[in-house]
Amino acid sequence: MGKINGCIKCLFIFFNVVFAILGGVLVFGAVQATPFSHQVAAVGGPSPAWSWVFALGGLILPVLGIVAACMEKELVFRIFAGFMVAGMIIMLVFGIVVVVSRNTLKDSLDSASADAAKPFMEDKEMNSILMRFEEGTQCCGVVSSSDWGDDISRSCECKMQRAGFGCKAKPVGARGPDQIYATSCSGALFEFFDLFFKVVMGFCFTFAILALLALLMSVLMVQQIRKHDGGGSSMAMQSY
């Protein structure tokens with residue numbers, strides 16, 4: 001008879017096997033994304049080392065959990081539990097940082113003045129980029145449609161038949177399409193980043209909760225090992 005409840009042990013091993021497979025997928029993804037990661041780091045983005053830390057952690061820690069469950073050794077469970085505490089704290093910190101970064105970006109875009117649109121209006125190449133972006137994302141102007149002044153670009157033309165569905169009337173006295181996109185391009189850009197932020201936040205907080213559950217299961221199994229080693233009996237499942 002083992003030291004740990006058989007049902008809990010099998011459930012613990014099963015989930016660690018699943019996360020070990022996910023860790024292997026993360027390692028594969030880190031390998032494939034290495035060239036892109038170096039390019040991102042070159043322009044001030046996060047170092048590729050962080051992706052390897054998460055990928056290897058996602059592979060090694062589940063393997064350590066499986067080894068701990070198979071060996072039924074208190075010391076190995078303590079090591080595993082320690083990593084779970086560290087992982088939970090790291091995920092929470094990263095989640096909070098992402099939330100703060102999202103809110104900071106939103107405030108920056110909301111408070112952007114017309115001066116932010118001047119480079120796009122004055123430079124022909126950037127103006128062309130802005131018009132293509134407007135057509136592709138259905139937005140008008142960097143900050144607002146007033147960035148175009150009295151001559152609204154045709155790229156702002158809303159294809160809907162009537163206003164109300166992302167469309168609005170052009171400013172009074174302005175030339176150009178009668179119906180233009182109501183959303184500014186800074187707002188459309190934030191919607192894209194907002195989706196990315198939400199995915200990362202969900203990832204961080206979900207893994208923090210899973211690390212907490214793994215920690216609680218580890219503590220429970222340590223208690224069972226202590227009880228067994230102290231002369232108690234393991235809680236075995238009985239079939240009726």
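Any Cβ shown, glycine's included, is placed from N, Cα and C.
The disulfide bond annotation in TrEMBL covers Cys139-Cys167 (among others). For Cys139 (disulfide bond), the same-chain residues that are 6 or more apart in sequence and have a Cβ closer than 8 Å to its Cβ are Phe133, Tyr181, Thr183, Ser184, Cys185, Gly187, Ala188.
Just so you know, the Cβ of Cys156 (disulfide bond) picks up 23 other Cβ atoms within 10 Å once every protein chain is counted. According to TrEMBL, the disulfide bond annotation covers Cys140-Cys156 (among others).
Within the same chain, residues 51, 54-63, 65-66, 69-70, 210, 214, 217, 220-221, 224, 237 sit at least 6 positions outside the transmembrane segment (7-29) and bring their C-beta atoms closer than 8 Å to a C-beta of that stretch. Summarising the annotation, TrEMBL assigns transmembrane segment to 7-29 (among others).
Long-range Cβ contacts of the transmembrane segment (49-68) within its own chain (Cβ-Cβ under 8 Å, at least 6 residues beyond either end) map to 12-13, 16-20, 22-24, 26-27, 29-30, 33, 37, 76-77, 79-80, 83-84, 87, 214, 218. Look at TrEMBL and you will find 49-68 (among others) tagged as transmembrane segment.
Here TrEMBL flags 75-100 (among others) as transmembrane segment.
Annotation source TrEMBL lists transmembrane segment at 199-222 (among others). A Cβ distance under 8 Å defines the sequence-distant neighbours of the transmembrane segment (199-222), meaning residues of its chain 6+ beyond its ends; these are 4, 8-9, 12, 15, 19, 65, 68-69, 72, 74, 77-78, 80-81, 84-85, 87-88, 91-92, 94-95, 98-99, 102.
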- Message: Using a 10 Å cut-off on CB atoms, tell me which of the disulfide-bonded residues Cys140, Cys167 is the least crowded.
- Response: Cys167
- Query: Where Cys167 (disulfide bond) and Cys140 (disulfide bond) are concerned, what is their Cα separation in Å, rounded?
  - Reply: 10
